[in-house]
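Asks: Below is one structure. I have some questions about it.
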Amino acid sequence: MKGGSIELGEVSKNASTNKGVKRGLSIMDFILRIIAGVATLASAVAMGTTDERLPFATSFVQFRAEYDDLPSFVFFVLANSIVCGYLALSLILSILHIVRSTAVKSRILLIVLDMVMMGLLAAAASAAASIVYIAHYGNTQANWFPICQQYNSFCERISGSLIGSYIAVALFIIIILLSQSAISRN
């Protein structure tokens, strides 16, 4: 017998270690998907329920700020909701990867869909971030004045929802890297 061959009944340490590492990566993928789903859900709910009325409004004229006044915020809520739904559905495949660590085609599909969802989420967060910046600082050249001094609660909530969305984008990057690492171990 050659020195490198395995006899009947023996298990290669590399194969069992590799399978354990892939299982660990799959469990980490599952956990990160749950956290990202919670972050996108919280961002969508925080932005979607944001509105504020100024207290000095008269019965004829009321000053209010709501998320649906701006299309960028509506896009943000829709994108976060879509990504949250996707993450909930992708948990099924993530569980499959924990059970069967050799599934490669479904991992490739998840990587592609994860990149699409990350792009959608990053686009929505960036569009909303530009509006949040103008709400905080205004643009004197265009005569757009900052509104956050008057609508403080509104601005705090929309800024907080952006943080949750950007956390989800960062988690998507980690999820994609973990999936690619698991595929490369095949």
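Every residue gets a Cβ built from N, Cα and C, even glycine.
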Asks: Looking only at the topology recorded in Swiss-Prot, are Ile131 and Ser181 found on one side of the membrane?
Replies: no
Asks: So, by DSSP, how many helix, strand and coil residues make up the topological domain 'Extracellular' (129-157)?
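Replies: Secondary-structure composition of the topological domain 'Extracellular' (129-157): 18 helix, 2 strand, 9 coil.
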Asks: Would you mind giving the whole-number mean pLDDT across the topological domain 'Cytoplasmic' (94-107)?
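Replies: Averaged over the topological domain 'Cytoplasmic' (94-107), per-residue pLDDT gives 87.
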